[in-house]
């Protein structure tokens with residue numbers, strides 16, 4: 001046991017070392033660490049052609065993907081402004097991870113945040129890097145803010161005016177009040193008096209994102225919310241147009257990231273990484289001839305930063321890697337060239353400051369040509385300005401691409417981590433198995449090395465969906481031979497009866513597996529590859545069939561599903577309750593009724609909170625009574641969505657039935673079932689598959705630790721139910737300790753292979769889409785299983801667990 005513990009600790013150390021090498025702190029320069037290059041030119045000669053806009057409104061619509069503007073007609077006013085050339089729209093590409101915190105950093109500082117910001121997204125801290133908000137404040141200009149309180153956590157209170165107000169962004173079931181609390185401030189801010197009290201107003205609406213999380217990415221409520229956002233755009237634009245000349249204001253409407261069909265985000269799909277940016281007004285002549293509503297060009301999201309800096313006439317943040325597209329917004333060729341020149345000087349300073357491995361010759365030529373061009377313009381000679389601007393933007397984009405794609409890995413950390421991981425794996429395997437491998441070990445090893453393939457990693461569930469029934473069918477084949485031997489009289493009656501029972505159980509498990517898989521099969525990425533999948537035409541079908549489909553889609557089928565979920569949850573809790581000699585029946589009954597009220601009752605939200613709190617009291621009582629199985633199960637049913645209740649019940653019965661099969665590779669089958677059940681409830685190896693809305697069940701204030709626990713409970717509900725069922729059967733077994741250790745060995749192997757795969761594929765095209773998320777998921781898998789084993793060992797469940805690995 002001690003050696004196993006040592007190997008596990010070494011593996012944890014290897015994970016953190018590898019993670020530090022792969023996700024190192026971002027390289028940047030401080031605002032006072034300029035190289036001195038062209039500093040005199042920047043401060044003395046580069047005089048802007050005009051003052052900045054008096055008022056700029058930055059309206060961020062959370063999860064506002066490009067399809068919500070270009071493919072939807074709900075934002076009628078915004079689309080009309082674009083069609084009449086009163087506004088310009090571009091399509092921005094967003095780097096992963098597509099969650100709010102790193103996207104805000106990109107929008108204010110022009111940087112590509114670290115991938116680990118996806119974790120910090122749940123606990124935002126002050127942002128200290130140079131950004132255009134600090135630059136504006138340094139010029140004694142005023143910024144007012146309303147919306148997602150992530151902004152207020154990132155920036156100290158003195159950045160925003162005292163009346164600014166944030167809204168809690170993590171209660172994803174609220175998509176109405178959370179936006180109304182932003183809009184209610186517009187009456188004053190857009191009034192004749194109010195508009196004089198600010199230079200920049202930032203509005204961050206999060207209702208659209210919440211609809212996606214709590215419903216899905218195609219829910220009709222999204223169109224209603226888009227129409228609401230459009231009315232706000234109309235209100236802001238109309239008010240600014242009344243109080244200011246066109247050249248004195250700017251309205252910028254954009255999304256921080258997109259949204260998948262399932263309503264989530266975090267991954268690298270086009271639905272998540274392509275967002276629109278609308279900037280009003282343009283200074284070109286408006287036209288009555290309607291043009292098509294589509295982006296005029298594709299940019300990177302960080303390109304917004306130097307563009308806003310030009311509009312506001314403030315210095316570009318020193319770590320910005322964005323390329324200004326100010327030339328799209330103005331007919332002032334002199335101003336456009338100077339914007340690009342400022343951008344080029346800033347980017348050159350950055351690349352020299354961070355010692356980037358980038359060829360700066362083309363950028364230096366750009367600066368020389370642009371400087372000469374601006375001097376010619378002072379003499380009213382603008383010949384060749386377009387060509388200079390084109391060559392400069394090409395040079396800027398080349399440098400930008402090099403910085404974005406550059407990987408600052410620390411290979412010596414990789415090597416150290418891999419050595420520790422491989423050595424600990426070898427020692428672990430020798431200690432627990434003596435290198436005495438069976439066919440089950442070979443199967444798991446083959447599956448583990450399959451993650452070197454991007455396709456096998458991205459669609460890992462298919463591997464487990466194949467292995468799960470295949471192993472059971474192999475056992476069925478062996479049992480059928482035993483049954484035939486019994487029928488020929490070669491075996492005793494009890495052996496034949498056992499074989500028949502085992503065959504029956506395997507058949508039932510296969511049925512449960514097929515049903516559980518079907519619950520979320522339609523959500524898989526491969527079905528999205530079919531262009532007609534979401535736009536199936538029913539018009540050519542028989543009218544009776546159409547009517548039947550409509551009945552099933554609207555109401556009746558949902559009632560059947562809800563009833564079945566209720567029955568499944570009830571049977572599970574009754575079944576689990578009866579497994580105790582002294583079951584806490586009243587506590588289970590009360591908690592079940594409370595969950596029933598939360599899930600299916602039409603109560604006010606405040607009433608539901610009371611029911612949730614009562615359920616938590618019941619769960620706490622069960623923990624104190626050491627009824628851990630019931631406590632975890634009750635908590636799972638409170639947190640998880642009702643549509644998964646079927647699967648949870650079936651997975652518990654599957655885990656409970658596995659020991660009855662009495663297979664020689666029981667642990668391999670058990671591990672395969674747990675891995676499959678992780679995907680049965682809708683998970684995948686993509687961050688966007690994580691359902692975060694369940695984390696806020698029963699909460700009235702944001703508690704990051706409790707939210708995180710509930711998100712993990714939901715994500716691992718399938719494996720937990722399998723484990724609880726299996727553990728209930730095996731807890732009296734003498735070899736339980738060695739079995740749990742063998743599962744830990746499998747997890748150890750998967751973690752080690754994942755690190756090797758990520759190291760080899762660190763320059764792969766799908767690195768951030770496939771291999772990096774897989775490493776994060778495997779790390780969480782490993783640490784949670786260790787935590788679970790520690791819980792079992794700490795509470796001595798069962799007493800014989802102290803003999804873990806005794807036989808080894």
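Using the three backbone atoms N, Cα and C, a Cβ is placed for every residue, glycine included.
Taken from TrEMBL, the feature transmembrane segment covers 413-433 (among others).
The transmembrane segment annotation in TrEMBL covers 440-457 (among others).
Under the heading transmembrane segment, TrEMBL lists 463-479 (among others).
As annotated by TrEMBL, transmembrane segment applies to 560-578 (among others).
Sequence annotations record features per position, and here TrEMBL assigns transmembrane segment to 585-602 (among others).
Taken from TrEMBL, the feature transmembrane segment covers 608-625 (among others). Packing against the transmembrane segment (608-625) from elsewhere in the chain are residues 584, 587-588, 590-591, 594-595, 597-598, 601, 631, 634-635, 638, 697-698, 700: each is 6 or more residues past its ends and has a CB under 8 Å from a CB in it.
What TrEMBL records for 634-780 is domain 'GPI ethanolamine phosphate transferase 2 C-terminal'.
Residues 97-99, 118, 260, 262, 264-267, 269, 272, 440-441, 443-444, 457-458, 460-461, 464-465, 467-468, 471-472, 475, 513, 516-517, 519-520, 523-525, 640, 644, 647-648, 651, 654-655, 658, 661, 711, 714-719, 721-723, 726, 739, 743, 746, 770, 773-774, 776-777 of the same chain, all 6+ positions outside the transmembrane segment (668-690), place their C-beta atoms under 8 angstroms from a C-beta of that stretch. Look at TrEMBL and you will find 668-690 (among others) tagged as transmembrane segment.
Outside the transmembrane segment (702-724) by six or more residues, the chain places 122-123, 168, 170-171, 576, 629, 632-633, 635-636, 639-641, 644, 647-649, 651-652, 654-655, 670, 673-681, 683, 690-692, 694-696, 780, 784, 788 with a CB less than 8 A from a CB of the stretch. Residues or ranges marked as transmembrane segment by TrEMBL: 702-724 (among others).
Residues or ranges marked as transmembrane segment in TrEMBL: 744-763 (among others).
Residues or ranges marked as transmembrane segment by TrEMBL: 775-795 (among others).
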Give me the stretch from 440-457, 463-479, 585-602, 744-763, 775-795 with the greatest number of Cβ pairs under 8 Å to the transmembrane segment (413-433). 744-763
Need a quick answer: max count of Cβ pairs under 8 Å to the transmembrane segment (440-457), which of 463-479, 585-602, 744-763 is it? 744-763
Residues from the same chain, set at least six apart from the ends of the transmembrane segment (744-763), whose C-beta lies under 8 A from its own: 4, 7-8, 11, 14-15, 18, 22, 407, 409, 414, 417-418, 421-422, 424-425, 428-429, 432-433, 444-445, 448-449, 451-452, 454, 457, 667, 671, 771-772, 774-775, 778-779, 781-782, 785-786, 789
Under 8 Å between C-beta atoms and at least six residues away from its ends: which parts of the chain pack against the transmembrane segment (463-479)? 443, 447, 450, 456, 499, 502-503, 506-507, 509-510, 513-514, 517, 661, 663, 665, 668-669, 672-673, 675-676, 679
Just to confirm my parser: what is the rounded mean pLDDT across the domain 'GPI ethanolamine phosphate transferase 2 C-terminal' (634-780)? 87
